[in-house]
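The active site, proton donor annotation in TrEMBL covers Glu183, Glu426. Among the features that TrEMBL reports, active site is placed at Asp315, Glu448. The Ca(2+) binding site annotation in TrEMBL covers Thr532. The disulfide bond feature in TrEMBL is assigned to Cys380-Cys412. Summarising the annotation, TrEMBL assigns region 'Disordered' to 543-568.
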Amino acid sequence: MARRSSSSSSSGAWRYLNPAYYLKRPKRLALLFFVFVAATFAFWDRQSLVSEHESEISRLRNEINQLHGQLRKAGVLLEENPATEIPRKDLVEIDPINNERREKVKEAMLHAWNSYVKYAWGMDELQPQSKNGVNSFGGLGATLVDSLDTLYIMGLRDEFQKARDWVAESLSFDKDYDASVFETTIRVVGGLLSAYDMSGDKVFLEKAKDIADRLLPAWDTTSGIPYNSINLAHGRAHNFGWTNGDSILADSGTEQLEFIALSQRTGDPKYQLKAENVIRQLQKIYPSDGLLPIYINPQSGQASYSTITFGAMGDSFYEYLLKVWIQGNKTESVKHYRQMWETSMEGLISLTRQTTPSNYTYICEKSGGSLSHKMDELACFAPGMLALGASGYGPEKAKQIMNLAEELARTCYNFYQTTPTKLAGENYYFHAEQDMNVGTSWNILRPETVESLMYLWRLTGNKTYQDWGWDIFEAFEKNSRIASGYVGLRDVNSGEKDDKMQTFFLAETLKYLYLLFSPPSVVSFDEWVFNTEAHPLRIVPTHGSNGQSIETAKPVVRPFGRKQGKQG
């Protein structure tokens, strides 16, 4: 709808909205009523609801209600037709607080992005205090690729287009560099596939295929459990020296979403076959409590004696068991993923304990038969995972799982609230009568807690989770924002700053915060599943119980919001 330029130019037209004009003209009033209904439906676009048209829709609805009342007073009897009503469940509540918060998160994204553009364009990461870039991932433009879908979701069209052009013209994977298979998959393959799913631009799919082809030789082991590092130019794969030749559980079990999606979109099954074979191999050694050690021998396929954790090096393996089940439309062909996940959740429950005196619930780590009362902030993805998976249980069990998710989220929120900066440390230790103490005291802008808050808000409707997320955002703004970007803290107690703007701050932390204050229809859980780097991948419809795709996945081309998001 065009904006009116002045009140004088439209005063004549607006006399038609005066109900008195129609008291003797009931047919015209009835006609105008249905015109307004049609106009309301014309505005009923999900993306525009989160922009400038929210107030316009509300105004039109109020006028419709007033006109309806005048019709009844004039004696005009209208047949009640449900088809002319907008279903209440589809209405998005206009919440000025959420609107304001969402715009502030968007402004933070622009500040982070513009700092990257100014000081580190095309490089992997920005060093904000040094005002330069560093290639931490072999020169793959990691921050840029990781940010693509965040820019798109926020409607930052110009910024997205500039990034897209760099991908098309400058992104090359022919690097004599030993890349982490895990990090490259979740950030680069995932980021490119998500950008493709959202924009429909095939340049992203072509680039995703290029880098995935370079990663594939890592799966050429006796067991099919992949090596975790590979030279992108020469295809030589190996494991990190500090693992004594073993592969890492999370690094080997966190490529399934991306590689299944790539096979769906290209029609080439080789990616999916490599990734899913890993799960079949792990099924052979899956313990009764569903808890695997973090080290797996890639030749024998057997687990090595090592720590069991939902934190670093274990975390996303369990996350992907649930999410591949969702990606596969919860059909028979992916039922084993759900079964493995439910087994592992019983193992997770066996690791939970509570503190005194505040009754914070936390997840222990385990080595052999001994428990370590330590929990990583990384493990704060678990409340969101549990909430997402709760609906797959029967009512009683679902309630238990959701209650556990909420208890763990309270603990993770207090990881933040119990430090002087209100930012969480990297991990925490729990002792009798002491609740929690910071262990490793740095904060590197991690997203896991706000990720879980986003899931819990969407799945419970409890706005407390939005308020908690806002507290965390304000702490980042106060402690981590500087003129040239965002930095982590070397110490959450003193507030001493580091010199790194992590790529996942733009890919995950700010995206999850933005979605926390957006309607659930924005990147709906019914249509999308997030990889562990917060890259949404479209769920491809299936038919029948075998879960086979109806067709090769086609991108969802969604127009940008009408607000283009230019700063100023």
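Just so you know, glycine gets a Cβ as well, placed from its N, Cα and C.
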Rounded Cα distance, in Å, between Cys412 (disulfide bond) and Glu448 (active site) is 9
Check: min Cα-Cα distance from Cys380 (disulfide bond) over recorded positions Glu426, Glu448, Thr532 goes to Glu448
Rounding to whole Å, the Cα atoms of the residue listed as 'Ca(2+) binding site' and Glu448 (active site) are apart by 10
Ordered by sequence, the long-range same-chain Cβ contacts of Glu426 (active site, proton donor) under 8 Å (at least 6 apart) are Asp376, Glu377, Gly439, Thr440, Ser441, Trp442, Asn443, Ile444
For Asp315 (active site) and Glu183 (active site, proton donor), the CA-to-CA distance in whole Å is 14
Same-chain residues at least 6 positions away from Glu448 (active site) with a Cβ under 8 Å from its Cβ, in sequence order, are Glu377, Leu378, Ala379, Cys380, Phe381, Cys412
